[in-house]
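Annotated in TrEMBL:
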type: DOMAIN; residues: 1-201; note: domain 'Nidogen G2 beta-barrel'
type: DOMAIN; residues: 200-241; note: domain 'EGF-like'
type: DOMAIN; residues: 242-277; note: domain 'EGF-like'
Amino acid sequence: VVVNDGRSYVAISDIPTSVGPSLMPLLALSNVIGWVFALEQPGFRNGFSIIGGEFTRQAEVTFQPGNEKLIIRQEFEGTDELDHLVVSTTMDGRVPAVPPGSTVQIDPYTDVYQYDSNLITSSSTRYYTVTNPDGSVETRSYQCRETITFQSCQHDESLRDVTTQMLKVDQIFVLYDVNNRLLRYAMSNKIGDVNGGQTEENPCFTGRHGCDTNAVCRPDQGSQFTCQCASGFSGDGRRCYDIDECIENQQICGPNAICNNQPGTFRCECEDGYQFGSDGRT
């Protein structure tokens, strides 16, 4: 995920060649990641800002013209120690066949999300084009109805002012890598006004700021902005470089522990025969 411009990339491994091509149109399998980390227009918030990374999602997909139906169930379990979002997915149903060697192009679309205290719903129709190996072209579509449930705090007011938002998805790329049995999706995502209000011209809100992927875009008046490197990185914002905490502070992990530098952060790991104390560093 490139958070500061709303671009998301999803790769799903170990997809059998018998079903891989037919799953290419199924952006509903991964577009929830785009909603979670969408570029936020002024006054609007993406999924992670509202409910975090722990929730349950069910998507009901109906394909046309064959009326094939598929149900996707996903459990999002938050982030692990490496800040990776943990998710388990099951699918039940049928999808229309896409011949091996075909390419798929998915049209840009909008998805309207409606918010309640413990429930978020959305509905959209998505169109896609299949170009077969023989050169013939087919245009198809499917409807996706999505339900997200989560546990909210009793006095949490984060949803009080959020009722409806629109997710705009474009620059969609899909590919099935036969040799590596990988299904790849990429898309750009913006969350904003359901009425399609005029997009702010500030580059921070359009994603055309040129800040490093490890930087935050800070809007100023008009089209002015600054790029600020994220915590754990240094630079001018256009180029950010990882700070090696292990070199800068060689005592950061304490005795009998080894410092392992990682992008934007570090980890303390115990030497053989030792285990962490209560501070997690010694």
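Using N, Cα and C of the backbone, Cβ positions are placed for all residues, glycine too.
For the domain 'EGF-like' (242-277), residue counts in helix, strand and coil come to 4 helix, 13 strand, 19 coil, using DSSP.
Residue counts of the domain 'EGF-like' (200-241) by helix, strand and coil are 4 helix, 15 strand, 23 coil (DSSP-based). Mean pLDDT across the domain 'EGF-like' (200-241) comes to 81 in this model.
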